[in-house]
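Worksheet: the structure to be examined is printed underneath.
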Ligand code: BGC
């Protein structure tokens, strides 16, 4: 564990510069507003170790695939989350010496993320080779009130000299992706224009032709400005502005930037739009923009905050996770999704994995308006045609959603993942169930959901094969959620979620027939569904093969799992861990060690179908072999452990989830944050410790509390009710902040939660 930040309930604070860990700090200090975001890079030049990264939602690059041996069916490209033009840069020259914390003597340094208000702040005192001292305070935010806007306040005080400080705000389109497969430049210039304290730069991505315009305006408070030069190059514009400064008197520099993109506006008006937005921002001024931004965060926290009493680390962890999720996805644009690294790094190319449905959806269901979770479903609905084409490409029926995508097409090409991790289709069906079960919005099934479900079911029906000797259906050659096994036969999770999808689809068909008859027959017609296809699905459900070991009483992760040498991770010497950094792939595949929840993922998803005893046996068998080398792993274990009464384990796994990045557990946070697994921290508290489930439209809670905590509380939006749940060691208090009286089940007893006493505005 490597911790470079302080523990604080609302902040993430780095109190000294860590040149050797700067990339890690940059990841941790990332901020965004759901539409764009960036790593915690400095505004001024830094010649030390850094990974400059700015990312804009939906703007990607189809990088040329790099594989040794091409296999039929591979996608043509590997999508890259694109490093976008640097819009926050301000070079600062103090008495002819360029400010650079790598070469200057840094006397004090603090970089902090203020999660309550959505701000990144820095303050430092540094001295150049001539002994000139400056004290600097910087505040920046990506506005959540105006999603196209970034604002920076950069205040410098000359401590021991009077003279000149030169500010050189710039927009730079000459940026590269560190992980480009062939070191190509992904951008080309379109338009640039600069004037005194203003400028606009438009760049276009090659191949995909996304255009992005950034317009800047600047202002100075506390010193006379003279413009010395204006750079106006194809991919780079700046102003060189000298400000006369007086010893001890601060000078404040403001940079406002508006970013527009061609997915939202016509290319012809892109630059004008950006200039219009930035002018408005400039006229409002920094304080006003800050107030709007902070107000919006306050409103968000009112519904989404989780408190933990008596455990500062756990408190910081959960707030950090909620904060970063909302920095990544706000749900107002159904074309966007939640990338595993959000706007904090390039690794993982592609924005959408099964992570969205399996982990993130319930978080947004609980903390935000249902329209947001619905947008996540609509995203997949809109990609149904591409998913059909994807199935066809593999010679299959129905729809196979991509493992990784930017626009509905598969954009990842490792055969064992792209072709074999087909369990992702199950998560998409499960998300439809989750959404309708939670919100009660069954109209969704008639309008959109059934089409998706029917095509998912068709896929499973064409992907299974019937083994006449055993009179069972098999699913061969797959990779389950545990990516440390490839090309296995009858992965229990995949078989189970496939059969469940068929069952659920048939259930939905029956519901539609009864409740939405006309629409139902229209859908049958449109999809060409007949009763013989339904009969085939029923046959598959009743004859699906599930590997099981009678002696241990557990579902087998796949055929032949028990042929392996079974041993717990605890018997491995530390030097072997993490396996993915110490063992050959071959050795990993042959071992019994499990990357992430697999059978247990199924027990979590289809929780109500299994007895506690069954869950216990499987948990006891698989957890000791699990190395949790996927960030998605600990939370599922925490939730199940809480349900099974394994308090210590539930707590250990919660901390591992919630502080995964803050404490750099997997030693890879420098590449970016693990955004999708952050939803797992919330799930660990709400589904895990509080035991929340929705059964037939009714909320159930079965809370426990970790010993180390004094209390915890969270809020959920549920069918027009805003509930606050507080759990202490003595009691569980459920209050209603908005809504009419609500019946729910607490510790297996039905209760009525009264409407709020004072009407909420
Ligand atoms: C996990 C996958 C996950 C992906 C992106 C991998 O390490 O094994 O389940 O979808 O990361 O988060």
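The backbone N, Cα and C atoms fix where each Cβ goes, glycine too.
Automatic, uncurated: that is what TrEMBL annotation is.
Now, the feature entries from TrEMBL:
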type	residues	note
ACT_SITE	483	active site, proton donor
BINDING	354, 355, 595, 596	substrate binding site
DOMAIN	14-263	domain 'Glycoside hydrolase family 65 N-terminal'
DOMAIN	319-682	domain 'Glycoside hydrolase family 65 central catalytic'
DOMAIN	692-750	domain 'Glycoside hydrolase family 65 C-terminal'
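Residue pair residue 596 (substrate binding site) / the residue listed as 'active site, proton donor' shows a Cα separation of 8 Å. Binding of substrate is attributed in the record to 354, 355, 595, 596, and the widest Cα separation among these residues amounts to 16 Å. Annotation for residue 354 (substrate binding site): spatial neighbours 403, 421, 423, 424, 427, 428, criterion Cβ-Cβ under 8 Å with sequence separation of six or more. Excluding 354, 355, 595, 596, which define the substrate site, the same chain contributes 353, 358, 481, 483, 630, 632, 633 within 8 Å (Cβ to the Cβ centroid), listed in sequence order.
Cα separation, residue 595 (substrate binding site) to the residue listed as 'active site, proton donor', rounded: 6 Å. Of all the recorded positions listed here (355, 483), it is 483 whose C-beta has the fewest other C-beta atoms within 10 angstroms. When the domain 'Glycoside hydrolase family 65 C-terminal' (692-750) is classified with DSSP, helix, strand and coil residues number 0 helix, 37 strand, 22 coil.
Residue 355 (substrate binding site) sits 14 Å from residue 483 (active site, proton donor), counting Cα to Cα.
All chains included, 22 other C-beta atoms sit within 10 angstroms of the C-beta of residue 595 (substrate binding site).
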